[in-house]
Amino acid sequence: MKLSAEMKAFEARLGYSFERPELLVRALTHGSISSSTRQDNQRLEFLGDRVLGLVMATALLEADKDATEGQLAPRFNALVRKETCAEVAREADLGAVLKLGRSEMMSGGRRKLALLGDAMEAVIAAVYRDGGFAAAEAVILRLWGARVHQVEADARDAKTALQEWAQARGQTPPRYELVKRSGPDHAPVFTILAELADGRRAEATAGAKRQAEQAAARKLLDSLD
């Protein structure tokens, strides 16, 4: 299989040249374009998530030999979460070569966080299957770059941080309420309210409930004394 000029340019951005280019094509093929043949990237995404986790766990252990499991876990989560994968995908301009069905393309799929994050994990798996663990590790460390060393020791997801803040002050856990759902079925938008027992609250909107909850929790955290 011969790759298009756009795909070759993406290979260059990855810093890896495929011996089996069909793996890269599959990694960049979303289910909206291939549901009948199952030649999409879902299985590769599953594998890539595990490869990414192993590489990041190893990198963190080597970067800080004195860190405890409790210190490493939140850093690890910050590096492998979908938002970070999507951020890396955007930097590599993965959206430009993502193969989507017409409806997904029309709804802005090339910019969707979930699709970009999933495709980035699938690309990692494609590199792993094509060139082995060392090749995948090299690509991951190149793309994630300084994030491995810059991720803060107290990095943790916003919902966990907000719950810890509440518990430290004797409050019950924060509650999250779906305020509004809008948009078409293929591209829903959720507005979530995060509220503390003392009445302080914040709202946020995102394309997935979990992301909206995290954004609302972060917004509320940022407003606290």
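The backbone N, Cα and C atoms fix where each Cβ goes, glycine too.
Taken straight from Swiss-Prot:
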ACT_SITE  D49  active site
ACT_SITE  E121  active site
BINDING   E45, D118, E121  Mg(2+) binding site
DOMAIN    7-132  domain 'RNase III'
DOMAIN    157-225  domain 'DRBM'
Q) Just counting, how many other CB atoms are there within 10 A of the CB of E121 (active site)? A) 26
Q: Give the residue from the recorded positions E45, D49, D118 that has the most other Cβ atoms within 10 Å of its Cβ, counting over every protein chain displayed.
A: D118
Q.
What is the set of residues, excluding E45, D118, E121, whose C-beta falls within 8 angstroms of the centroid of the C-beta atoms at the Mg(2+) site?
A. N41, Q42, L44, F46, G48, D49, C85, G117, A119, M120, A122, A125
Q: Do me a favour and check the Cα-Cα span between D118 (Mg(2+) binding site) and D49 (active site); whole Å is fine.
A: 9
Q) Just the number: how many Å between the Cα atoms of D49 (active site) and E121 (active site)? A) 6
Q: Take the C-alpha atoms of E121 (active site) and E45 (Mg(2+) binding site) and report the distance between them in angstrom, rounded.
A: 5
Q) Looking only at the domain 'DRBM' (157-225), what is the mean pLDDT? A) 89
**Q.** Counts by DSSP class (helix H/G/I, strand E/B, coil) across the domain 'RNase III' (7-132)
**A.** 94 helix, 2 strand, 30 coil
